[in-house]
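**Q** Please find one structure pasted underneath; my questions will follow.
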Amino acid sequence: MASVLDGYDRSRIPLWLVAIALGAALAFVVYRYIGTFVLGLFVYYITRPIHRRIADWIPTSSLAAAVSLLSITLPIILLVAYTVSVAVTELQSLAGTNADQLDALVQPILADGGLGIDNLRELVTSAVQNPEQYLGPGGLESLGEALGTTTGYLGAVGNALLHLFIVLALAFYLLRDDHKLAAWFRTELAGERTAAYAYLNAVDRNLKTIYFGNILNAFATAILAAISYNALDVVSPPEIGVPSATLLGLLTGVGSLVPVVGMKIVYIPVALVLAGQAALVDPTLLWFPVVFAAVSLVIVDTIPDLVLRPYVSGRSLHTGSVMIAYIVGPLLFGWYGLFLGPLILVLVVHFARIILPELVRGEAVTTRATAGNPLDPDDVIDVPEPEPVEPAGETDPEDGFETDTDIETEVDEQPQQSSQPSDDGTVEDE
């Protein structure tokens, strides 16, 4: 051990230990909030092309970063607000048109619950006029359960808002200061002629393509869904139809960005609403909700996820590998696997291209991708065809080799050798 440390400045050892401890602490923080950090990285990459376009036209970098984030978040907020408005209008229309049917469905539920009232309005009126009825032992227990449930929901909402704030803050500061971070890395850690810089630069370019491809996939999905739903609305029965087909298509595109469930969060509730409406109006119309669900699952959901998303998100990577990353990522890691899976794929592929071959061969690591990219559809690796091997004993005489039959014939045709004495008395073979 002493020979290893000979000539080494031992005063650096505590500093390295501190660096390792700080790195471990940072890794622990990232690990505990890995989903939030990966989502923030995703938001950064999808807004960076917009930020690069408008940065020259806006005087301050902070304002440019804020405008870039608003260009992504504001349309989503407006779309959600408009959706809520349309949903409220549709529910009011449904309640006014089918009030008797809805009352017939709700009354058995209230009766089975043992509420002892005719409708929900009487329940609210009873609670307002006589709150003392809930001060008994059973009432206090029910009130405590209700407060506990409400507190749990409020806690979940608050936690989600906190994580959303961290995501936006991380994306904002990366947009504003990414050039400073890159300049510091080039100056202090790894210059442009180092393998580390070449590796991270390749990863950065690929992540920009693969993450921004998610937004392109959402736009394409929204267009495909809007066309499909408008076509279904044309052939729908007069009694029921696709509600706000174009808006539903846009929401489906936004829903494709939701991890794990994806656009199912949009079209499954709509299919259930259509099924309920058909059951109330005419049960023979239930075929239309089934067709709507089938078209949504096959054309709107499956085709973009399996065909379109890998193509637009991984044009410099193998389509199959990108598709597997998008499928396995959420299954393995959860909701954030939709973003972490492609990130791991990009890190592994470029490490195999730039770093791994020279490490295995024991050569100096350079900035050149000596191994090429086996998962790049544009990288064609020429593999020579194997030479054909003929079975033993059947080699073509034209190839210059003798067959077993030829060898046996030559042996049979060799003359018998005789032994004659030589002049010195020894025997020689002729």
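Glycine is no exception: its Cβ is also placed from the backbone N, Cα and C atoms.
Fair warning: this is a prediction, and the values are worked out from it, not measured in the lab.
As annotated by TrEMBL, compositional bias 'Acidic residues' applies to 376-413. The region 'Disordered' annotation in TrEMBL covers 370-430. If you look up TrEMBL, you'll see 15-45, 57-84, 153-175, 210-229, 249-273, 285-303, 323-352 marked as transmembrane segment.
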**Q** Under a Cβ pair cut-off of under 8 Å, which of the recorded stretches 15-45, 210-229, 249-273 contacts the transmembrane segment (323-352) most often?
**A** 15-45
**Q** Kindly say whether the transmembrane segment (57-84) and the transmembrane segment (249-273) touch, using the definition of 3 or more Cβ pairs under 8 Å where each pair is 6 or more positions apart.
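**A** Contact between the transmembrane segment (249-273) and the transmembrane segment (57-84): present, because at least 3 Cβ pairs are under 8 Å.
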**Q** If we call contact 3 or more Cβ pairs under 8 Å (sequence gap 6 or more), are the transmembrane segment (285-303) and the transmembrane segment (15-45) touching?
**A** no
**Q** Might you confirm whether the transmembrane segment (153-175) is in contact with the transmembrane segment (210-229), defined here as three or more C-beta pairs under 8 A between residues 6 or more apart in sequence?
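**A** With fewer than 3 qualifying Cβ pairs, these stretches do not touch.
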**Q** Near the transmembrane segment (249-273), which residues from the same chain, at least 6 beyond its ends, have a CB less than 8 A from one of its CBs?
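**A** Residues packing against the transmembrane segment (249-273) from afar: 76, 79, 83, 214, 217-230, 242-243, 289, 292-293, 296-297, 300-301, 304-305, 330, 334-339.
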